[in-house]
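Peer 1: Sequence annotations record features per position, and here Swiss-Prot assigns ATP binding site to G34, N35, N36, G37, S38, G39, K40, T41 based on sequence analysis. Positions annotated as domain 'ABC transporter' by Swiss-Prot: 2-208.
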Amino acid sequence: MLECSDVSCIRGDRLLFENLSFVAKGGSITLVVGNNGSGKTTLLRTIVGLIPAASGSVRLDGEDITISSKCILQITYVGHKSACTGNMTVQEILEFWAQCRGTGELIDAAACFFGLYPILDVRFKNLSSGWQKRVALSRLLVSNTRVWVVDEPFSNLDPDAVALVQNLILTRAERGGIVILADHKKNDLFTDAQIVQIPPTDCGTHST
């Protein structure tokens, strides 16, 4: 179980949201929705421990993710902007992720699922935005963690790829995984998802 308790986040001197709480249980999909600039990405990056919350806590199975390396190893994050290095080939990227997790045996399965075999020798920077997205999402399968956190999972994907990723996410949840997604609005792809709405804030600047 992943639990966000009274989380507040700040960007610069602007309070994005405050006292946000929700629980994401195993076997569930949580969809974080909100307007552009509302703080969806900031919340996801806080959940995975990349940036600190201004206040509140994020816990996985009762352990604070900011101090537990065991928690971080159970989470895979795929951001809206890919973290892939442009000069690396697709094969090199998959091997790097697998090396980080000790999951080299999963490279072929990820490449097969996302149809990456024809582009394994292509440098990431030379791919279209749609193929770059497929490569970025393949990290979910290579890393094989219990918690998936994905920012705008369907951006830049064609309809066939959207269906592929939808099935992947549903299957992960059915098998007991925790899936947290962010998008601009609710969609019909995950009708049973828990919705976490980030409301507009009128709090303005933050003072200490």
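Glycine is no exception: its Cβ is also placed from the backbone N, Cα and C atoms.
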Peer 1: If you count other Cβ atoms within 10 Å of each one's Cβ, which of the binding-site residues G34, G37, G39 has the most?
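Peer 2: Buried the deepest by this measure is G39.
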Peer 1: Would you mind checking how many other C-beta atoms are within 10 angstroms of the C-beta on N35 (ATP binding site)?
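Peer 2: Around N35 (ATP binding site), other Cβ atoms within 10 Å: 12.
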Peer 1: Say we define neighbours as other CB atoms within 10 Å of the CB. Which of the binding-site residues N36, S38, T41 has the fewest?
Peer 2: N36
Peer 1: Sequence gap of 6 or more, C-beta under 8 Å: which same-chain residues meet both conditions with respect to K40 (ATP binding site)?
Peer 2: V32, V33, G34, D151, A182, D183, I198
Peer 1: For the recorded ATP site formed by G34, N35, N36, G37, S38, G39, K40, T41, which further same-chain residues have Cβ atoms within 8 Å of the site's Cβ center?
Peer 2: L16, T42, H184, I198
Peer 1: What mean pLDDT does the predicted model reach across the domain 'ABC transporter' (2-208)?
Peer 2: 92
Peer 1: Helix, strand or coil for S38 (ATP binding site)? Use DSSP.
Peer 2: coil
